[in-house]
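Listed in TrEMBL for this protein:
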| type | residues | note |
| --- | --- | --- |
| TRANSMEM | 12-32 | transmembrane segment |
| DOMAIN | 27-234 | domain 'Alpha/beta-hydrolase N-terminal' |
| TRANSMEM | 38-64 | transmembrane segment |
| TRANSMEM | 76-97 | transmembrane segment |
| TRANSMEM | 117-139 | transmembrane segment |
| TRANSMEM | 159-178 | transmembrane segment |
| DOMAIN | 251-535 | domain 'Alpha/beta-hydrolase catalytic' |
Amino acid sequence: MRRLGRQLDKVSTGGWLLGLVFFALSLTPSLIPRNFAVQGVLCGCTFAAGYGIGVFLEWLWDFLELSWPNRRVSRWVGRGFAFLCLLLTVTFLWFSTGWQNSIREGMGAPPVEANQPLLVALIAIVPAAILIGLGTALVRGVQLVSGWLGRLIPRRVAFVFSLIAVGILTWTVGNGVVARNALALADRFYGNLDRLAGSYESAPTDANRSGSAASLVPWDTIGLDARIYVQSGPTPDEIAALTNKPAKEPLRVYVGLRSAETPDQRADLALAEMDRIGAFDRSVLVLIMPVGTGWVEPSSIDTLEILHGGDVASVAVQYSYLTSWLSLVSEPDVGLETAKALFQAVYQRWTEMPKDSRPKLYLHGLSLGAYSSAASSQLYDILADPFQGALWVGPPFASATWRSATDNRDDGSPWWQPKVGDSSVVRFSNGGPLDPTIPWGPMRIVYLQYPTDPIVFFEPSMVYSEPSWLMGVRGAGVSPLLNWYPVVTFLQVALDMALAQTAPIGFGHVYAPQDYFDGWVAVTEAPGWSQAELDAMRTKLTRHGDVSVIGGGWFRSSLPVN
């Protein structure tokens with residue numbers, strides 16, 4: 001018991017108390033619902049963060065040589081705070097199931113089990129222990145180095161130098177060795193998955209498909225995600241059955257990361273493949289930047305092809321193997337070079353064509369693809385001959401063009417649905433049809449973003465300041481119980497980014513086919529459709545529920561039964 005008592009004396013009281021507060025606050029709702037395992041990991045991380053801050057505040061108190069005027073009063077105050085923190089933690093654990101179920105109910109997701117609080121507390125022990133152990137090791141390292149240097153230089157100077165030395169060493173090892181090797185390992189893993197997952201699928205027999213025997217792009221350089229884009233689209237008969245209008249065979253070009261060595265070479269290969277199949281002969285031409293893994297969301301391009309009766313050519317070029325959220329936090333600019341190379345190659349060819357016989361040119365991207373696509377061109381380079389428009393979906397918070405438009409929104413319009421100028425160039429949509437009575441200019445840009453998408457609305461400054469999207473009226477789906485807490489909300493929404501694609505359709509980073517359809521209607525203004533026909537088609541394409549229902553070929557469930 002004496003040994004246990006000595007160990008407890010070494011534990012930071014302030015660290016424990018602030019850790020419990022952070023633990024409790026992390027149980028409150030955020031943007032994406034969490035299961036007990038994820039919630040447990042989050043609680044453990046937030047406890048460790050609170051513990052570390054509490055330890056630092058205690059150290060600062062001692063460093064400034066502050067003290068309580070009465071030790072007995074301080075002891076009772078400490079016990080009172082400890083009781084309140086423990087009561088807060090137990091109470092929030094009790095309410096956590098209801099909080100999570102309130103988000104799930106709003107999204108149409110199944111409720112979590114009632115035994116979640118106990119499981120959350122047990123799971124939280126592991127990450128908390130690991131992180132606190134690492135933090136303690138760093139503190140011991142500073143103390144050790146400070147002790148060595150203290151024999152040679154003044155004690156406080158030695159402490160400063162030891163803090164700098166251990167900080168540099170930790171950053172070098174963590175960022176330069178661990179993070180870099182982890183990123184390289186993830187890249188190899190996803191690269192092998194991209195290569196092997198689709199290795200048993202047969203190459204297309206249609207000569208117009210990338211990867212076919214007639215194609216300039218070898219089939220074995222196109223990964224699994226790309227093969228879904230190449231092969232799962234609607235046929236002319238399927239489009240005609242859905243629209244009751246004549247249809248053409250949509251053209252799709254895909255160039256994989258292994259198809260050529262450099263971004264410029266991949267762009268040139270894409271252009272040659274476009275020439276081979278006659279992409280510039282279609283009425284609509286779309287340059288697509290995929291998400292990090294090379295994935296092109298099926299409903300994003302299927303809806304456009306259905307809207308235009310198949311008279312569409314689209315081209316996508318892969319730039320990474322990593323998932324979008326991982327690429328976003330580790331290498332956000334990885335797709336820019338590819339996006340610029342593709343745009344420049346196609347745009348140069350497009351501007352050389354007669355204006356009355358060339359296709360309408362559009363840009364498109366989801367997530368990191370939207371980030372790269374939006375940065376692929378400079379305004380001053382295209383003013384003389386602009387492309388027709390863009391549909392950028394779920395733009396990451398780091399997107400410069402999105403940030404500029406949002407920052408310059410009209411007074412009174414919310415952060416999550418800005419109104420920019422007279423809306424003739426840029427419009428923001430949270431889903432649903434856009435107002436067709438507002439006139440457009442020569443270029444139409446639509447940002448489709450859900451208020452519950454953490455990829456869009458994460459902000460690093462949430463560590464210390466409340467984000468704008470939590471102030472005033474909130475967007476659809478954002479819980480009224482979501483409040484900002486320093487550090488805690490930052491960690492909650494950071495974890496939400498990794499969970500963004502686990503949300504039901506129409507929430508988080510899972511964009512619904514009907515909202516893609518509405519976006520394309522606004523951007524492209526397809527001819528030959530009445531408003532009643534557009535409304536009917538939107539109803540046919542509407543999907544809700546689990547993300548699995550909008551995979552490749554999702555639209556076939558709407559086809560009439562013969």
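The chain as shown is numbered from 1 upward.
For all residues, glycine too, the Cβ spot is worked out from N, Cα and C.
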Legend entry - Surrounding residues of the transmembrane segment (12-32) on its own chain - C-beta under 8 Å, 6+ positions past either end: 39, 42-43, 45-55, 57-58, 78, 81-82, 85-86, 88-89, 91-93, 95-96, 99-100, 102-103, 120, 124, 128, 452-454, 457, 478-479, 481-483, 485, 487-489, 491-493, 495-496, 499-500, 502-503, 507-508
Legend entry - Average model confidence [pLDDT] within the domain 'Alpha/beta-hydrolase catalytic' (251-535): 93
Inset, instruction - Using a Cβ-Cβ cut-off of under 8 Å, list the residues of the same chain that are 6+ residues beyond the ends of the transmembrane segment (117-139) and lie near it. - result: 19, 23, 27, 36-37, 39-41, 43-45, 47-49, 51-52, 55, 93-94, 96-97, 166, 170
